[in-house]
Amino acid sequence: MAQQRRIQLSTQRPTSTVCVLGTELSLDVHGSAPKDAVAFHVQGTPGVKLYVVHEMQSIKLPSSVCRWPLATDTEVLLAMDALSKDVGDEKVRISYFGEASGVPVARAMLYLTCVEVSLDADTNRSGAVSRTLLDKATWTWGPDGHGAILLVNCDRDDPEAKLLDNRDTTIRSYADLKDMSQMVLRTRGPRTIFTGHRLVLHVDFGNADKVGVFYGGNSVALEEYKHVLGGSKLAYAIKPSRHQEESVFYVEGLAFPDVSFSGLVAFHVTLLESPEKGLMETPIFTDTVVFRVAPWIMTPNTMAPLEVFVCSVDDNKDFVAAVGTMAEKAKCPLTVCPLPENRQDRWIQDEVEFGYIQAPHKTFPVVFDSPRDRGLKDFPVKSILGPDFGYVARQAPEGASSLDSFGNLEVSPPVTVQGKEYPLGRILIGSSFPRFGGRRMAKAVKDFLMAQQVQAPVELFSDWLHVGHVDEFLSFVPAPDRKGFRLLLASPSACYQLLKEKQEEGFGEVAMFEGLEKVPKPTINEILANESLRKFNNYVQSCISWNRDILKRALGLAETDILDIPQLFRGDVMMGARAFFPDMVNMLVLGKHLGIPKPFGPLVGGQCCLEERVRALLEPLGLTCTFIDDYFSYHVLSGEVHCGTNVRRKPFAFKWWHMVP
């Protein structure tokens, strides 16, 4: 329905007004009618389309009816579909008639100027701003949806700058402008009409701190771009150029969707009419365009690796070399965080999570910095943040726990659950659920993840672990069949079954941890006879089985989508579980290349039976297993290969705005 405005007429003097292209004017024929008038006649110049609404019917003029009754249900509407060449070049005349009068008892004249005022953005998501018939004031999801998209400008395009690009109000480079979304104001019609009218671009007060708008006027010089809207600036008066019909504004996001911010931001342009001197301006037209701030998106293990990260500390030279060899096989660049930057903090998986943001015109990676803030706390800002590489962080005012480290943050590959599609997968986080009390992920982090909408988080039970991270009992690997992946779950029961098989084959006296100095070397018989160890692993298995059921329901998995990886744990219910031998699900996945913690299991026939079983499970999927010795450099410190590495991966081909959350 066209935007409509009511116009008061006068029989004492002519009325002049603006008709904005695409809108309707409703003429108040009753308010200006003389006391003794009972009917009226209306006629206009060729550029005006006139309609009379009478008895619920709309009649286009001219018609066979010459006079219309001044009844309460009679209304005159007009529209214009061509721009005026001069001010007041079209007109409408209303003639009023008495009961038996053949001559008008009075006349009202209306002079019209048709102009175009349109605020546009990339609402059809093509990557460029264009005029559209779509409803710009709404935003809809799905492949047939519409609505403009805004990126949080959270990178730092100028290496000399101290702040993120969205934390200052200056344009330092053309690269900075390219991160922003364009918003175009079109004004056409007689330029002199804007002398008595004012155009104001404005944003709602509640969202002003979520966006920034820059405008360079007619110039392309960087120094001419000024911050005109956002923050404390709620409105900006625009003076249309005499020579240009389009004014291009650049819009940046300042904040990601969160618990108090849906991600939707509306911009408005309002045409104000200046009445007689001393009176307030009145709004006569408003156009609105709505943007949604793009969410932060995680990438699962099944996506192609683009860059591998590892920390170099005093005692992990061989580990770094092994990761480098794997990265080389996967043809993936390796970035080593040196000791001065990591300050003896080797747990790079726990410090950050790599993801990305995307709009039709631009995609770039964004690193999410966890609240743990240990030795690596400065690494994301100092070494990762840069041109087209963004940064976001959340703090834990209540104090960070181990569950706020990002080994406790994973994402599944794309899944379909009872007909509902999750084309970007589902985020997995660990919690103390179903246990009362215990550790939970910080509210600020969890709220942030929930607010992104596109990877609906699933809460798992991980507080039974000493460290408490989901990557200690699950992982995903690519597969050529079924859903395109397998879920790997640590399994004490599968491990006991394997050891029992080897015992029955006559290998009961074969010991674990051969080749490791100063490490106890229990035999298969001793492990199987250790009742307290078995009892504790029964408890661990029940915790993993609980999560197994949640994952099957939440991800729509069948048993054939899950592989059980032999694994034992040690500890007690109070202090939590730790891996009894290096935790093989805590692996590095680089395409078909897997870097798996070397378990140092019993050597049967010259081969580690644990490695042999894992190979038998994974190699038929086309995967290559490399077992990395992390025993003294990571395992004894309650971490493994995945904990000590991180991977930036290729974004999804699927566009997030095509989904329906």
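Every residue, even glycine, has its Cβ placed from backbone N, Cα and C.
Going by TrEMBL, these are the annotated features:
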type	residues	note
ACT_SITE	ASP350	active site
ACT_SITE	HIS469	active site
ACT_SITE	ASP471	active site
ACT_SITE	CYS643	active site
DOMAIN	1-113	domain 'Protein-arginine deiminase (PAD) N-terminal'
DOMAIN	115-273	domain 'Protein-arginine deiminase (PAD) central'
DOMAIN	284-658	domain 'Protein-arginine deiminase C-terminal'
ASP471 (active site) to CYS643 (active site) - Cα separation in whole Å: 8
Counts of helix, strand and coil residues, the domain 'Protein-arginine deiminase (PAD) N-terminal' (1-113), according to DSSP: 0 helix, 55 strand, 58 coil
Cα-to-Cα gap, HIS469 (active site) vs ASP350 (active site), nearest whole Å: 9
Packing count at ASP350 (active site) (other Cβ atoms within 10 Å of its Cβ): 26
Nonlocal neighbours by CB distance (under 8 Å) for CYS643 (active site), same chain, sequence gap 6 or more: TRP347, GLN349, ASP350, GLY407, HIS469, ASP471, ASN586, TYR634
